[in-house]
Amino acid sequence: MGSKRRRATSPSSSVSGDFDDGHHSVSTPGPSRKRRRLSNLPTVDPIAVCHELYNTIRDYKDEQGRLLCELFIRAPKRRNQPDYYEVVSQPIDLMKIQQKLKMEEYDDVNLLTADFQLLFNNAKSYYKPDSPEYKAACKLWDLYLRTRNEFVQKGEADDEDDDEDGQDNQGTVTEGSSPAYLKEILEQLLEAIVVATNPSGRLISELFQKLPSKVQYPDYYAIIKEPIDLKTIAQRIQNGSYKSIHAMAKDIDLLAKNAKTYNEPGSQVFKDANSIKKIFYMKKAEIEHHEMAKSSLRMRTPSNLAAARLTGPSHSKGSLGEERNPTSKYYRNKRAVQGGRLSAITMALQYGSESEEDAALAAARYEEGESEAESITSFMDVSNPFYQLYDTVRSCRNNQGQLIAEPFYHLPSKKKYPDYYQQIKMPISLQQIRTKLKNQEYETLDHLECDLNLMFENAKRYNVPNSAIYKRVLKLQQVMQAKKKELARRDDIEDGDSMISSATSDTGSAKRKSKKNIRKQRMKILFNVVLEAREPGSGRRLCDLFMVKPSKKDYPDYYKIILEPMDLKIIEHNIRNDKYAGEEGMIEDMKLMFRNARHYNEEGSQVYNDAHILEKLLKEKRKELGPLPDDDDMASPKLKLSRKSGISPKKSKYMTPMQQKLNEVYEAVKNYTDKRGRRLSAIFLRLPSRSELPDYYLTIKKPMDMEKIRSHMMANKYQDIDSMVEDFVMMFNNACTYNEPESLIYKDALVLHKVLLETRRDLEGDEDSHVPNVTLLIQELIHNLFVSVMSHQDDEGRCYSDSLAEIPAVDPNFPNKPPLTFDIIRKNVENNRYRRLDLFQEHMFEVLERARRMNRTDSEIYEDAVELQQFFIKIRDELCKNGEILLSPALSYTTKHLHNDVEKERKEKLPKEIEEDKLKREEEKREAEKSEDSSGAAGLSGLHRTYSQDCSFKNSMYHVGDYVYVEPAEANLQPHIVCIERLWEDSAGEKWLYGCWFYRPNETFHLATRKFLEKEVFKSDYYNKVPVSKILGKCVVMFVKEYFKLCPENFRDEDVFVCESRYSAKTKSFKKIKLWTMPISSVRFVPRDVPLPVVRVASVFANADKGDDEKNTDNSEDSRAEDNFNLEKEKEDVPVEMSNGEPGCHYFEQLHYNDMWLKVGDCVFIKSHGLVRPRVGRIEKVWVRDGAAYFYGPIFIHPEETEHEPTKMFYKKEVFLSNLEETCPMTCILGKCAVLSFKDFLSCRPTEIPENDILLCESRYNESDKQMKKFKGLKRFSLSAKVVDDEIYYFRKPIVPQKEPSPLLEKKIQLLEAKFAELEGGDDDIEEMGEEDSEVIEPPSLPQLQTPLASELDLMPYTPPQSTPKSAKGSAKKEGSKRKINMSGYILFSSEMRAVIKAQHPDYSFGELSRLVGTEWRNLETAKKAEYEERAAKVAEQQERERAAQQQQPSASPRAGTPVGALMGVVPPPTPMGMLNQQLTPVAGMMGGYPPGLPPLQGPVDGLVSMGSMQPLHPGGPPPHHLPPGVPGLPGIPPPGVMNQGVAPMVGTPAPGGSPYGQQVGVLGPPGQQAPPPYPGPHPAGPPVIQQPTTPMFVAPPPKTQRLLHSEAYLKYIEGLSAESNSISKWDQTLAARRRDVHLSKEQESRLPSHWLKSKGAHTTMADALWRLRDLMLRDTLNIRQAYNLENV
């Protein structure tokens, strides 16, 4: 019998599914023994047990599926059940227990047990034994005790048994088994842990591979006494420390225990620890089962028995498949490959990375993949080269994360593109290639490459070269070729690098760094600067107080002051999980953290100073790192070859950052719920069909629902967030258009619209690429504020704004005011008419204050108005962040002001209301006396009444407190509802009842817009008596607080009503009932199975008014054109007294002029004649004189109005404060603008000024010295309260202003071009024509120059060149520009005067000197200027004569630098004998020594040699000699006997003629040294060529001569011999050598036997080609040995 089954170590195994340890029994096939092995498990974590016990109680359901814990989630409220607190002295509920669990207040299970016992004892003491609460408490307490006992019993292990068990296990493992076999099994177990991923593709073992950093987590080592990680376990595997699987299992248990002890239950690390244990034991059990199954099929040899006890894996499978599968060469030697992979895993874990910080902050990366690519892994291993090449092409993405190969997934449609199949004879797509891969139709990689190339060539043949698909093809071909080369370099049987070894190896890591990795590395460096900063004297870490946020218990005010808390833990987590799109995001969070510290703490405190120091260090380090390098500065991007997931073949679904944002917006709208947990988006998920709701599709022209939005998102149809938001807005607008404004759907649409806007704002807050649209932000804020106020509800779900719908639009006290209601405000908000928050607040407060004025203080409307006004102020302050986001005059009215106004109003109203109540009571008393008198006079029957508590009628008993239906006065009406308060029988024997009457909504007077609860009635002020004979039946009226939770027994739903308010027939008003005072009923109430939802319905009068609304639709459409105007705040002219004012002038602080309100401090555009842009003036004084208005203030000028260097840069929209202060009439004002300081320009905007009219000013321009100097700021004015201040919106993140070049730069360029126009006029046409031709066919810069045959020389015509290379043209133009200067009088004057001024002002810059020279020239007399012009003309004539002589000189005697005297030096590829110096003789058809088609060069160029004078060749001349053909089989080597004639013998040896260097290729040798003809015989001699040997401009140093002494080689051979060695060479080292481990110098590469190969082929270098040859030779050797069974050779 195996060991007893029990729970796993972690108590969370009940949730996470940890395996129990019963599998130990399989490894002991001896006789059965009842042995307890509980001590093998680590100690149970008490915190985890507490969480498990709580979860068990919380999740328990009864037979009906109801959660029993719902009865104990919250203790009864003292207001509802005060008697509960008389019985229970220590109330407690599950919410308090959960809170204590979160705060880790339970150190022991006994503490949790005590609280649960208190909870259930309280329930038993208060509730009756037959109540559901009592029964649930008993059940849950029994469940708790059982579960606790199961967990606590795990500590009953015996240490002695554990030791014996361990010895037994070791004995069974080591007996008959080798250490290598054990090591292989342990590596398999480790591999299962390392490669395990969660469903999203994240590596579970990532944080367990290395221990946490002692710098970042010092408390970890204080809590954990025995730290261990996977690296340590890997080292122990390699060192052979484990003698059994049981020993490794102990370390895995310790690893999981440490993680669960340090981390909170429920955290990701806690769950990962459980998963690692689960994976380990799953793999262990799988190995056991697999080995036992195999052993049962084979003979039980001793070795097999030992293997069974060891539970080792089988490696024999697949051998038969190799013989049958043609592609089996990629799967041969699977055991060896697997062993190599496992060893790579353990070795990678053993050595790890050199940087602990890199490992601590490393996040798992997975290659992007789609569902189709994931499906391939089901039939093909990801290490297969076929799969890697296919997936590289298929998964390649561009910079935006889009799949480049997406158009190639499927073939084009034959219907849409019939011509495609006419042009393309062999169409193919990735889908077909995938099918071939699945069917294993590819024998080699070349076959797969051919199909991919066929697909690409098809696309190139069908599409235009400049099309997007054509460019994609080029990119994919480049990627495919690079991947193919890499796969060819690797050994086919090698599985590739493991994830960790490749991620942590230093070799080649710099080449694989992408821009993303560099960005992350920079963030880690900046983070470590803050983390490791210490105080110089004491060594205190400055970041200690910034690691975690302050405790809410100790610092509750912190979270009221700081609205966005931030700490280093959050920043570190964001870096790890790649939450930052760039470095700026992390810097912003750092700055936010430091800003919070300075905002909360006093200036001068330690935290304040630390924040300042750390921020300074961060800025300095960032400045030191410099800007992030561009893509071009980094190495070429490598293909993603799963380097970081080499041992994790599965790929995760990749989402681009944009897709993640879109998904976040969608999920935020979809998952939003209200306070009651109702998901608002349910109604918007799918539209009703046309058959269900045909009128909807008649009204809505563009239907939209969330399913359609989701399908668009999945199809990648949204390119940005705004396009998705547009569809959401359309959907919500459709809902608001079709549904009534007071309907539930309408309000849900508004709320979800608000959620949508908030989510988009949060997501786009990280982008600083553009200036936010302040107008839209203000309108969005006002919209959110309005929706929040109108949706504000009480505890029962009633909207406070419902009662205010009855407020009249016009105040009777102010009949002249325009009407204003919430409906009018809503239309203004929807039409974006509000541009100021204070105006919107005025309108809202006007409606609410009117409601307060027109209603009593104890009325429901009054109380709702006060509540909405308080809520408005609260939400307004939250949205504006108390002025941090929006600074508005509206913020000056606070809750304190509201309370004062309400108290003052109540003091004024209360005496009047008391008097009204007194008069009302007297009137009611008089009416009651009258009714009693009339009833007494009617008869004496009332004097003989017999009262009772109940009576019977028609076999029914009626009690006092019952609700009954009473026969209506008219037959068509519904029966009345009466609550019986008295029952009696008169002397005549007739039974009567007296009670309060309840009215239905249609029996009250109310507005059609009012909404009511379903089945709602109202308690009236009408009481009367009715004969019992008129009773029609029973019903029940319940108070609103009980109606939704309880239901009466034995009553139908239609006979149950709800009452929330009382109705006064005299005042025709409703008032909410606070205390239910009706008589106690005999009806028994029970809890509802499911609480009723709070649903309000429209009034029955609403349908009647709907027709009137439809009649007014046409009028509203006509008036919609008038709805686009903006509402303006009421302002007034504000005069001001000026002590030093001029007589007759009336001064103002604020003035209305020409439909524009202007105040002191405003900036305006003023008319400026002759300027490109109007100047800007600032109003510092405003006055009116004789009916004309004027203002006075400084003038701002634009950059083009200042004198400055053309190279100076300016901010966009920058202006400068000038020295001018002018008085201007108001008639010259063109419009308002705003001039902001640099700091304000980055951070805020006035809300009423368009962005185009926002200007930046940080400098003052001094006209006298032409200097720009920064100044502190503009003058500020203190204005009266009547002046309306501007509202200022502050950005969440400062913007980055862009600079632009000076406007004078273009003018300066045009001026210079005009000066040189005359000089370059003649040559420009030729050069431009040559440049146009060169753009069509651009010759190669260094073409291969080949020696023509004799027959070809005779046929080569003379073709003069038609184009000039750009490099040559540029050099010629540069040279010519130095010679050709258009001399003018000013240039001559400047050359003479500049030296004089320079001597007078030695400290002046070049620009300042030029400005002074220009001033002197302008001040020069006319006669002097004419004299300079005359002298300049003579100089120009002399230069022209010299230029003409130079142009004629080449025809007679060529000189260096001319086309005739320059030859192109072409360097051929290296030959086995070294670089041969060949001689090239000019031939017919050459232009100055160039073959046809090669352009001449102007001037010396690198690689060219300028020759001396040389006679030109004539087309009719004799054919020159050419080089003899090379020796057969050795291209490029001349025959013997030719070396001493036309070719230098060797590089570095003296050439004939005494020159110490050999002639360069293509350079003519000395006279008389010409090559002989290839065959004997006479030939016509050409004219002699006169040459002047010149020194080459560039001579490469000769290569170093390498000698190999035979004696040295023999000595090395003798030293290598050893008696212990079976071979002469170190063949094992040679066999293990790899290309990436061997680095060759250039000298070593030059000595490689490159002559073995014709060329390097598709390889990058010749060394790579030789490595490939070596691999092929080794493989062939192995194949020959295996094919012929050469085991003993």
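Just so it is clear, glycine is given a Cβ too, placed from its N, Cα and C backbone atoms.
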**Report entry** Among Lys257, Lys471, Lys560, Lys1159, residue that the record in Swiss-Prot marks as SUMO2 cross-link
**Finding:** Lys471
Report task. Could you tell me which of the ranges 1431-1460, 1491-1520, 1551-1580 is annotated in Swiss-Prot as region 'Disordered'? Result -> 1431-1460
Report summary line: Per Swiss-Prot, the phosphoserine among Ser177, Ser498, Ser801 is Ser498
Query raised in the report: How does the compositional bias 'Basic and acidic residues' (1431-1444) divide up by DSSP, counting helix, then strand, then coil residues?
Result: 14 helix, 0 strand, 0 coil
Query raised in the report: Taking residues 6+ outside the compositional bias 'Basic and acidic residues' (902-933), which of them lie with a CB under 8 Å of any CB in it?
Result: 852-853, 856-858, 866
**Report entry** Per-state residue totals over the domain 'Bromo 6' (769-879) - DSSP helix, strand, coil
**Finding:** 71 helix, 3 strand, 37 coil
Query - Residue among modified residues Tyr134, Tyr1289 with least C-beta crowding, 10 angstrom cut-off - result: Tyr134
Query - Lys414 (N6-acetyllysine) versus Tyr134 (phosphotyrosine) - Cα distance in angstrom - result: 73
Query raised in the report: How does the model score the domain 'Bromo 6' (769-879) in terms of mean pLDDT?
Result: 86
**Report entry** Alpha-carbon distance [Tyr1289 (phosphotyrosine); Lys414 (N6-acetyllysine)] in Å
**Finding:** 57
Query raised in the report: Can you tell me how the residues of the compositional bias 'Basic and acidic residues' (902-933) break down into helix, strand and coil by DSSP?
Result: 32 helix, 0 strand, 0 coil
Requested in this report: Using all protein chains in view, find how many other C-beta atoms are within 10 Å of the C-beta of Lys414 (N6-acetyllysine).
Outcome: 10
